[in-house]
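Undergrad: The structure that follows is given in the form of structure tokens.
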Amino acid sequence: MIKTDILIIGAGPTGLFAVFEAGLLKLKCHLIDALPQPGGQLAELYPKKPIYDIPGFPEVLAGELVDNLMKQIEPFQPGFTLGERAETIEKQEDGSFIVTSTSGLKHQASVVAIAGGLGSFEPRKPLIPNIQQFEEKGVAYFIRNPEVFRNKKVIIAGGGDSALDWSIFLSEVASEVTLVHRRNEFRGALDSVEKVQELKKLGKITLITPAEVVGLRGNEHLDAVVIQKADKSEETLETDYFIPLFGLSPKLGPIADWGLEIEKNAIKVNNSLDYQTNIPGIYAIGDVNTYPGKLKLILCGFHEATLMCQSAYQRIFPDKRYVMKYTTVGGVHGFDGSKKEAPKAVVKSID
Amino acid sequence: MSDITISITDRDGAIHEVQAPTDMNMNLMEIVRSYELAAEGTIGICGGMAMCASCQCYVESNHELPEKGDEEEAMLSEAFFVKDNSRLGCQIHITPELDGLKVTLAPEE
């Protein structure tokens with residue numbers, strides 16, 4: 001069991017900055033995120049794209065902003081549960097919450113801050129009628145352990161980086177790799193495209209384009225896929241595995257069933273005070289929340305995170321008195337013993 | 001500046017004739033959102049970067065539209081429910097030439 005003061009669900013910019021504001025109040029944080037790396041959309045969708053409306057940064061790349069935030073919160077030693085989704089929440093008798101993530105890992109905290117952005121990123125599943133029947137039985141949307149595919153026949157569908165990169169990787173592992181894509185053009189990094197081209201010439205990857213997987217066959221386990229070509233002709237191809245890699249799309253997911261008030265696919269909060277939800281002790285900050293006049297901007301998420309932390313402090317220490325202190329005055333005292341302080345002015349008389 | 005009229009058929013089949021400004025640097029996805037013709041959170045998810053297909057629409061009039069860029073082309077090659085007249089609304093800039101445009105929103109994925 002992981003114990004912390006504020007459990008933050010979502011490690012995007014808002015969740016990361018909340019760690020800093022909490023740290024100034026000597027509150028510890030732990031973050032859960034479905035993606036394998038921190039940064040949320042910024043890291044997953046557009047790390048190389050510029051953002052122009054972060055105050056004080058005329059231009060900053062999304063990936064750089066994440067790196068900067070990670071550096072800024074480092075002194076406060078946040079914990080991370082990455083690659084896992086927050087599944088359930090249970091309120092305890094002492095008022096704290098226990099959140100369980102995908103692997104069954106339990107996280108206990110006095111306050112839960114949902115900074116879930118658009119939701120957790122989940123694979124886009126192709127519209128093949130019986131695909132669900134073969135999930136875990138030959139259809140895989142993720143490749144967790146490539147050894148599963150050793151000496152097996154694999155069909156990959158998709159036209160982006162992950163389809164190309166996994167085709168390349170699995171060509172050394174699987175007995176046969178077939179890549180199916182709706183166009184002749186691929187969207188991946190140039191060297192990946194060239195590598196696939198080369199492996200195709202060597203006969204290590206079979207390319208079928210333009211074509212689409214439209215059907216799945218098998219009894220218990222997947223045996224074959226039906227491939228439809230541009231001229232609508234169909235071909236059945238035997239295989240052990242089908243791996244559709246069509247990118248990720250965000251889904252609010254299990255959080256939607258936590259008893260929170262939801263409006264327009266977002267969590268309603270009290271914006272006149274502290275961004276608390278209808279369940280006391282659970283807050284929602286950043287793109288995941290909604291209130292009159294809401295704007296889904298990173299800078300608004302930072303503001304919401306800051307006010308949430310003040311309220312969380314009051315909730316955790318109802319009898320303590322505290323007033324906000326500027327970092328220029330108080331400095332930043334990390335939990336790791338590090339200390340950042342404004343240098344003292346030199347007072348010296350002139351003779 | 002002048003507004004143009006666009007006819008948008010929503011995901012339930014209802015037709016909406018809406019006024020779209022040509023001087024606000026807006027795209028078709030944003031017009032749909034501004035009139036709330038699709039539920040918030042089901043359109044323009046990526047914010048307009050051609051990185052999701054939630055604003056896919058079918059163009060049903062003969063307007064000459066700007067050609068698809070590489071990013072739009074790539075996204076549509078992986079989207080679902082794609083037809084020959086599919087476009088990403090976020091990549092269609094509102095200009096005076098689009099007056100009278102007719103589109104239908106693609107189903108939610």
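Cβ atoms here come from the backbone N, Cα and C positions, even for glycine.
Keep in mind that this is a model prediction, so the values were computed, not measured.
Look at TrEMBL and you will find A:5-292 tagged as domain 'FAD/NAD(P)-binding'. Taken from TrEMBL, the feature FAD binding site applies to A:Thr14, A:Asp33, A:Gln41, A:Tyr46, A:Ala86, A:Phe121, A:Asp287, A:Thr328.
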Undergrad: I'd like to know which binding-site residues lie near chain B: of A:Thr14, A:Tyr46, A:Ala86, A:Phe121, A:Thr328, which have a CB under 8 A from one of its CB atoms?
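TA: Listed in sequence order, the binding-site residues near chain B are A:Tyr46.
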Undergrad: Restricting to the record's FAD-binding residues (A:Thr14, A:Asp33, A:Gln41, A:Tyr46, A:Ala86, A:Phe121, A:Asp287, A:Thr328), give me the longest CA-CA distance in Å as a whole number.
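TA: Between the most distant Cα atoms of the FAD site, 38 Å.
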Undergrad: Does anything in the same chain, at least 6 positions from A:Phe121 (FAD binding site), have a Cβ under 8 Å from its Cβ, and if so what?
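TA: When sequence neighbours closer than 6 are ignored, A:Phe121 (FAD binding site) has A:Ala34, A:Leu35, A:Glu44, A:Leu248, A:Ser249, A:Pro250, A:Lys251 within Cβ distance under 8 Å.
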Undergrad: Summarise the model confidence on the domain 'FAD/NAD(P)-binding' (A:5-292) as a single mean pLDDT, whole number.
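TA: A mean pLDDT of 94 is what the predicted model shows over the domain 'FAD/NAD(P)-binding' (A:5-292).
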Undergrad: Through the lens of DSSP with three states only, how would you label A:Asp33 (FAD binding site)?
TA: strand
Undergrad: Near the Cβ of A:Asp287 (FAD binding site), how many other Cβ atoms are there if near means within 10 Å?
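TA: So the Cβ neighbour count for A:Asp287 (FAD binding site) comes to 29.
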Undergrad: For A:Thr328 (FAD binding site), which of the three DSSP-derived states applies: helix, strand, or coil?
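TA: DSSP assigns A:Thr328 (FAD binding site) to helix.
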Undergrad: Taking the Cβ of A:Tyr46 (FAD binding site) as the centre, how many other Cβ atoms fall within a 10 Å radius?
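TA: Taking every protein chain into account, the count is 17.
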Undergrad: When DSSP states are folded down to helix, strand and coil, where does A:Tyr46 (FAD binding site) land?
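TA: For A:Tyr46 (FAD binding site) - judged by DSSP and reduced to three states - the answer is coil.
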Undergrad: Determine the most Cβ-crowded residue among the binding-site residues A:Thr14, A:Thr328, using a 10 Å radius around each Cβ and all protein chains in the structure.
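TA: Checking each of A:Thr14, A:Thr328, the winner is A:Thr14.
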Undergrad: Run through the Cβ atoms and count how many others sit within 10 Å of the one on A:Gln41 (FAD binding site).
TA: 24
